[in-house]
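Reviewing the structure listed below.
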């Protein structure tokens, strides 16, 4: 009989962390170091990446998606060292990525676009229709799958973006501001999906919304000026704040306690 | 065959309800059935055969099929209304799915533009030679098609791999298929459109194929080579500007085909083409990161 499992299913894991960065520096543009000496280890679970605007969140996620090369330091994804001139094809097959500016082709239907992305991600040809259907159902777009992308609302386009990111069943899933444009009900559904994905995937979600982190994340990464400020559970973040700090919820107070120290306050925003 | 498929003994036992085969065999068989159509067919044949045998032995009893198939019927009747509501998946538009592996929708208008510009240039050439007036007349026939040939594919290449023109550039750059392979695929589809249109033009105006084909290929490879360093958009813009300033303007001013486009210039074009290809191959990693798309 043909075996019911493939060699990849039972291969031992050769890494301790899905994402491991040591002294990582990544350039944004020509001069500015957007990620400046970052030490970070992330395993299975949902990690919320929080930080003020311009903290370097997008640059960090791009580096993790291997579209930006690290300037200094080491970055290991799934045990493979990233950098140099390689194309990282095998590694990229196991990464799902939703960029902040999610661009798409308006003429494609939802199904065509996700099929196209599955082809680009080298999903085996025979598995594409099933993988696309599964991804579309997971984001709740099964009834709109054959409509053209230009007919979709902003929230639906965002969900197509999430569907294309998970179509290849990634081991590392990188979502840059996925909740922008989602209405409250869709956000709740999205948090459920995140929790579901986080059971066997390393999910990194960058967000501005502290309440997203509280609801869906097992782990919070606080990031400011290219450096790691805090890493821990949402409860630990809440514990960092006291009543004297600004904010409406314990998490927001914790966030302000760690980020808005008087000596760091430069502008009013 | 027996090495790859389940034995009839196990399948028969499974059809009877699985009580007389070991649990690990049941597990292995079910895992195999999920993947193997041949064995599923054999299982259903076994189920039918047993039902038939039971009916022959006791004709008085109504044909009683095994419990398994009764269970399948129950599940099916439960699923049917849901499936009817979902509706069948529409037939995939094979043509567009296959085409999208070679070019992106953003390239289509650009390629159409390139084709129509060539045809327009051809038309002007024909009118020129026909009436004997216009800038083409006088000393040395200047073919507009010949003049435009090198820069036409540059537009297509720019549209196929640039940050500003392709909305999905960042997604495309992050996928495993990104890189030289995909760039070459798209470049090839640009050339597939441009070369036939140009050969039509070349045939009609009577210039040799090498005279336009080599500059055309040289500019394509130079765009890609330069694009890997400064971004395809900028590379295309720079090359078109250089072409317009150094070749087109003097030619139109003097109404004389420049040295660059005469047959003596061909080795130089060949050299540029080879050089471009060499640089592209040497820097192939540049196409799978964001920097190259700026």
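Note: Cβ is positioned from N, Cα and C throughout, glycine not excepted.
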Ranges in play B:62-82, B:209-229, with TrEMBL marking transmembrane segment at B:209-229
If TrEMBL is the reference, give me the range from B:144-162, B:163-181 marked as transmembrane segment. B:144-162
Closest-packing stretch to the transmembrane segment (B:183-203), where packing means Cβ pairs under 8 Å, from B:102-124, B:144-162, B:209-229, B:236-254, B:266-286: B:102-124
Considering only Cβ pairs within less than 8 angstroms, which of the stretches B:102-124, B:144-162, B:236-254, B:266-286 has the most against the transmembrane segment (B:209-229)? B:266-286
In terms of Cβ proximity under 8 Å, which residues at least six beyond the ends of the transmembrane segment (B:266-286) contact it? 179-180, 210-211, 214-215, 217-218, 220-222, 224-225, 228-229, 260, 292
